């Protein structure tokens, strides 16, 4: 009996650690997946550009229309800037940062992720020059696809297409509003003025989308063959309202979700996909979060119906619903033949996020075929990512540059043609097809981090540049992957989502800061010892191998009338990982994305260990 118990204990232990010691390097994959966005940049590249084989491109975009549209992203292997997938890419990148910024920061990638967001939002600000005008596209697919040229020297038409009150596009304006609102959360602490600017654009774009309703591809018909809005615009209007509520806590947006949930399909559509066209599953997941936070108020009944649909989506991924998502024999989600991988990463992200929401609210996933634990959802996300990185029947990594067996002939103009910096000999429109596209050898430039379209319904894949359905990468394949990879780095119990109002917490412990040292006369002294207050609370706990672990949230508030700078904090009796502050020597300071804390504002950091709260004291600071 004793031997049997020992064996079971060992197996349980191995089961717990298997997640964390996977054969895949999630941290490396995360770094590479963010790097891909630098290869997709259009415009004047910055001095810190890391993808060195790319150069400036599209420097006259918008000029013929009298507007500056330089910048933004090429969506895939072509040289067109399509607004709808670009905005979805930015929204999902932001969501990854909002949910898992701590993991991104602790792995040294938060700054790169925020830079990737800003490259998109800077462009959206330019593309929205007045309240009811939004530029939707630069270039067109037909002329672009006729040529195979580097973006640095493209000769194709760079006409700009826009929506306005006479040519509406509620889906495009709504998605761009969602991107701007989500980005305003990302920049709230590091750049409050930029955050406020983004939020202003988000408000205006939502009003434009809601007031002048119509599908954008009816106004811009050249987009129909490439990014047609099959789902219409109701999902984007709900999606934008959900993100504006997240950014503002404005009850008007909560009411919009409550009053329009039934009529706009938010509570009615049971989804099998989430992507640049169909946002319902994302809306349902966000609204479920609001419900679990206890913020639904009078809309609790409606929000419960949103949540039912969100959980049907989660259950369908696990094979526990009446209608389940199709999978390949190797276990990969399969939705369509062309660029199936976009649905894999987006669904995996929703599963990871919802797993953490469930963990925080101490409940299981309710499926028609039985209840499932939060960890089973997270395990599913992990299985999809592991398949992407090489755990599949072919042993192929579908992320370029990760592992040893990855796609070498990517359907991508920039990577398939010798770098402009290496050989500036002009590549003609059709000459590019003859000399570079038709080559059966590896790309001269490695498109590091790019996630290609992936295998077919039977796990088959052909590494051929002409096989664009499987070998073309896109920005919206990678965007949700940032969040999933950041989450998986933490392992099964390394992170628990903070949902205010869900977990019972003890009263905050108020800790008085140490007196500020005397300063030079030019620096104003602290107005009083109560200028800074620190409160701590335990937000969750869990058992692992007989030991109880606690997650503590610490909030530092600047109660003075001046800006807090040069912060140094002493933290003792800390026995576990910490997120949200930067360690320098024996002290801690602002996280890398902050330099100061305005009057009346707070910053928060979290840590985990199996003991009572750590001792947190303010050592040094200045008020200016």
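Keep in mind that glycine also has a Cβ here, set from the backbone N, Cα and C atoms.
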Out of 469-490, 491-512, 513-534, let me know the one TrEMBL marks region 'Disordered'.
-> 513-534
463, 472: which of these active-site residues has the highest Cβ count within 10 Å of its own Cβ?
-> 472
Could you give the mean pLDDT over the domain 'Carbohydrate binding' (532-612), rounded to a whole number?
-> 82
